[in-house]
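So the structure is just underneath, and the comments pick up after that.
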Amino acid sequence: MSTPKQFPDGFLWGSATASYQIEGAAREDGRGCCIWGTYSRTPGKVHAGHTGQVACDHYHRYAEDVRLMRDLNLQSYRFSTSWARVMPDGRSINRAGLDFYSRLTDELLEQGVVPWLTLYHWDLPQALEDQGGWPSRDVAHRFADYAEAVHEALGDRIHYWTTLNEPWCSAFLGYAAGRHAPGRTDGPDALRAAHHLLLGHGLALQVLRSRDPELELGITLNFADVTPADPGDPGDRDAARRIDGMSNRFFIEPLLRGGYPADVLDDLRAVWPEDLVRDGDLDLISGRMDMLGVNYYSGNTVTGVPPELAHEAADAARALGRPTEHVGSEHVGFVPQDVPHTAMGWEVRPHGLTDLLVRLDRDYTGPASTDLYVTENGAAYDDVPDDDGFVEDTDRLAYVADHLAAVHAAIEQGATVRGYFLWSLLDNFEWAYGYDKRFGIVRVDYDTLERTPKASAQWYAGVAGSNRLP
Ligand code: PNW
């Protein structure tokens, strides 16, 4: 019999969601249109034409959802504010939009749930996309104004603030691969978007810090476990260096080391816009952070394709309408592994989370005295509800248990990990997959909008309540 794994005192147990994925009420109280509204209404972009118009109707059911969190022993709730609700045209403030987040915050505090706010989880006001979107430098400044407006309304009650969720997805899925909103497919523009997202983070950090030095500030990045197909093969090792460079180091190095990784800039030589980085940008981007949010789901095993085939491969992908998100590394091959997969087709690689947290602490956050939080981890599976809507989701439960064991192992190896947020509290709008993929520990019946905790929720409530893994 194995001994229960105890987590450190004060470890923060929570769950996470995002505005566009759960709120609905897309036209209520003056909310403006956002890029996901536009993208999801574009034929062929989102599974079955699903949109976030109604989603989980959290906008009207937030009180019920907060009670659910309390019943599940959750100590913290990570949610995002919708920029288009707060600033419908990306610039002027909509009081009614802020009031919703004020009501939500009060409800959380009343039920003893610590609010953890993300300012940007992908729903850029359409008006700002129409003015160029993230490839335009001005949007970074608009983001700092938005951060100030949200802080003005909620700063007295919220301690934890993260600027961006997964800028990698915003930049490379949104502007290079076109698989996320706004659906553009231009490599240099994706790089511009990435830099301006980081700049927006730095500017917002500065605003928030100057308004209140006591806030706990940071950003959430997504990381992948990247391994070479044959560690003895120099081509495969170089492929792993490239994908690790673009997926993992491209964002963390400017944030915590003050510069883009030299080898990655080298890989990007042909596409990197020369006038992109201005004097002072990297000082802003590397402003001190109190915490780093880590989102982790899976990883890839990669192999090098001979360079002479590289351009051919990139052209072929483009001709098929599938340009790659891996700008500058179009010739890397991905080798499926014979391991369990989730319903997303993502490989289950819990050990990668231990390695990642230990590496981040050793190479980046430890030296910077920045705490680590897992701000997302979880899985989609094909749920089968019984007549009462209950789901015995042993697969999701096992996924979470294995990843929590991996977090525990990282802590035992010395990594400073202070909390874990399960993605997601509710089944919700899973971006290009619409409502077809379910990540919730609580089932949502999309006909009745009824919520029913799954077996994984009951299990997770036990973990959160006892601060240990059974
Ligand atoms: C994250 N990838 O998205 C987001 O933060 C959530 O909003 C989302 O629902 C969740 O993970 C599950 O998908 C990702 O292709 C989407 O590597 C795609 C990738 C990674 C994260």
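Any Cβ shown, glycine's included, is placed from N, Cα and C.
As written in TrEMBL, here are the features:
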type: ACT_SITE; residues: E166; note: active site, proton donor
type: ACT_SITE; residues: E376; note: active site, nucleophile
type: BINDING; residues: Q21, H121, N165, Y297, W423, E430, W431; note: substrate binding site
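Here the CA atom of the residue listed as 'active site, proton donor' lies 14 Å from the CA atom of W423 (substrate binding site).
W423 (substrate binding site) has a Cβ environment of 25 other Cβ atoms inside 10 Å. According to DSSP, W423 (substrate binding site) is assigned to a strand segment. Here the CA atom of the residue listed as 'active site, nucleophile' lies 14 Å from the CA atom of Q21 (substrate binding site). Same-chain residues with CB within 8 A of the center of the Q21, H121, N165, Y297, W423, E430, W431 CB atoms, the substrate site residues themselves not counted, are A18, W122, E166, E376, S424, N428, F439. DSSP assigns W431 (substrate binding site) to a helix.
Here the C-alpha separation of H121 (substrate binding site) and the residue listed as 'active site, proton donor' works out to 8 Å.
Around E376 (active site, nucleophile), taking its Cβ as the centre, 24 other Cβ atoms fall within 10 Å, counting all chains. E166 (active site, proton donor): 24 other CB atoms within 10 A of its CB, across all protein chains.
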